[in-house]
Amino acid sequence: MSTTLLWFSSVIGYVIQTKCLSNIQSKKEISVGPNGTIATPETNGDNGNSSSLTFYLTFMYFASWLLLVPASRLWEKMRPMFVSDSDSNRNSQFDNNNSGSVTNEDVDTFSHVLDDPQPRIPAQQQKQKIISVATFKYVAKLTVLALIMIVADLTYNMALSLSPAFDVALMQNTAIFEIVTLLYGVCGISRKNYVFRNFLIMMNAVIGILIISYTKATCDMLAGKLSVNPNTGELSDPFLFDRLKGALICGLGALIMGPFAVLWNRWFCSNISKNENSAVVLVKQSTHMALIGIIGMVILLPFIPKFPSRESVESISLFYNDKSFWFSLLGSIIFGSLPSLISILELNRKAPAEYLTTCNLGAIIFMGLAEWVCEPTQTTIVRWEVIGYIMLTVSLLVLSVTLGEGKYHH
């Protein structure tokens with residue numbers, strides 16, 4: 001599949017995931033009968049319940065990573081339907097010459113666990129192979145990445161419970177774009193071509209984001225979401241401090257994705273050959289992600305929120321019995337998280353590492369379009385907001401061309 005289709009898949013998947021999770025977090029009442037409703041645990045505000053839904057959504061997000069392995073194997077079988085002729089010839093040549101070679105030492109550590117060993121080795125030798133220095137190093141790497149993802153995803157879900165989906169997407173993707181671009185340059189992962197020109201284009205993109213965020217309050221006021229105090233002339237926003245807190249939490253939590261991106265490329269992408277079968281690489285990296293998900297769930301288990309009252313347990317049970325909750329959750333996983341993660345893994349192999357930062361700019365643009373499509377009567381567009389989107393789109397197109405040069409760089 002081309003990098004363009006993978007790019008759209010990752011961006012649209014992120015938008016679907018964010019909109020679905022925001023729909024769950026913003027739900028204030030649950031229908032319990034023909035005419036009856038009950039407040040959600042988040043609305044009740046009992047001690048221990050204010051973050052219970054955020055915690056469970058984070059836990060379920062890590063659980064969805066277990067589906068990456070079967071999804072990648074399904075993609076491996078369906079891949080001949082989508083690859084181009086050049087990709088097919090390159091992969092067939094590799095299969096004939098190097099089908100048995102594996103260059104990733106960390107995957108070799110668990111190769112006898114993930115696949116059937118050929119030939120089979122005695123149980124004692126297999127046990128000694130599992131308990132080795134390489135195994136502990138591999139588990140330590142996965143644990144570090146799992147801890148980073150726990151912080152990033154908890155802050156992401158917490159921000160969605162406080163702020164609208166667009167505000168969260170704007171803050172998170174801006175922070176990730178800036179920190180990843182900075183660390184890729186400092187750590188020598190990104191290329192040194194056209195550095196000053198790319199810097200000017202990135203500054204233009206950041207200015208466009210600034211204009212969009214600055215005019216957002218004006219758009220909300222014209223749409224009736226905000227009002228003006230007639231006595232003071234100031235905007236009256238009852239959720240102002242929640243929005244500010246959500247933006248701060250999301251922005252700071254997203255910064256940790258910079259070290260995650262650097263460590264992932266150092267540990268699991270540096271040894272990938274451009275001639276290695278992409279389907280095999282995808283299965284290996286999906287296995288890494290699934291193991292990170294398992295470790296993340298294990299770390300989260302001791303911190304399961306406790307409900308202080310019987311009413312809290314009943315409201316949680318009713319919430320999970322609500323069909324819209326499961327439809328939104330399954331939609332965020334099947335049409336959001338899985339396609340986005342698989343596309344990001346493929347893009348990270350096919351294109352230069354810094355090319356992935358364009359997905360963050362695209363997510364902001366498509367999130368704005370999704371808000372306009374889903375809420376046309378509550379969305380008002382002003383001239384300066386359009387100018388901001390134009391600046392951001394032009395920067396995205398130029399960066400996609402300049403950063404996307406040199407495919408199959410690994």
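Any Cβ shown, glycine's included, is placed from N, Cα and C.
When the residues Asn49, Asn97 are compared with Swiss-Prot, the one annotated as N-linked glycosylation site is Asn49.
Membrane topology of Trp75 relative to Ala353, as recorded in Swiss-Prot: same side. Residues Asn35, Asn271 are shown; Swiss-Prot lists N-linked glycosylation site for one of them, Asn35. If you average pLDDT over the topological domain 'Lumenal' (218-245) in this model, you get 60. The DSSP breakdown of the topological domain 'Cytoplasmic' (188-197), given as helix, strand and coil counts, is 3 helix, 0 strand, 7 coil.
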